[in-house]
Amino acid sequence: MEAGGAADSLLSGACVLFTLAMYSTGLSDLRQMRTTRSVDSVQFLPFLTTDINNLSWMSYGALKGDGTLIFVNATGAVLQTAYILVYLHYCPRKRPVLLQTATLLGVLLLGFGYFWLLVPNLEARLRQLGLFCSIFTISMYLSPLADLAKIIQTRSTQRLSFPLTIATLLTSASWTLYGFRLGDPYIMVPNLPGVLTSVIRLWLFWKYSREQDRSHPLLQT
């Protein structure tokens, strides 16, 4: 029993550590915006969708009574909100950004109203909220597939971030194991695409770095 408790604590700690490491990769965008005082080459939508995802999972964690989910996603929501505010500060065209933010927040509030007011049964609310969080997370993990297709076409990994790929792989794998340990498919299943897409990205790094080495043999030591 003690061994099982220790394993649960280690797995929970891994989820916290790896997830916060993944969120901290956005600090490079934050520094770039503050240094250049512009939002050139920085995408806004990932900040917003991740923030909505954090708030949704935080609600699921609160409903489930899971401290790990609550802490990780509350911290993530604070970080993503900070990124959004900095982006908004330096963005010259604020109207589209505010419109996107208001639209997604409106959808989130409608969802919360539905789950908390129209679904009185706790178990049904937990299932439906878990399903919503799962679908949203899967869509986020699968959204970069278009970029992967462009990488294969151009045979270049300049679009990819290696640290983010490693962080995403470790985060997805740890949450998959965490969901398996809890017997919670709403946590386990949506993180499997994160593992899959991260492995594909690592393979692309390996494949195209080898091709670049073969095309520039004089640069090898």
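Using the three backbone atoms N, Cα and C, a Cβ is placed for every residue, glycine included.
Please treat TrEMBL annotations as automatic predictions, because they have not gone through curation.
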118-138, 160-180 - the range that TrEMBL marks as transmembrane segment: 160-180
Go through 69-90, 97-117, 160-180, 186-206 and flag the stretch with the largest number of C-beta pairs under 8 Å relative to the transmembrane segment (6-23). 160-180
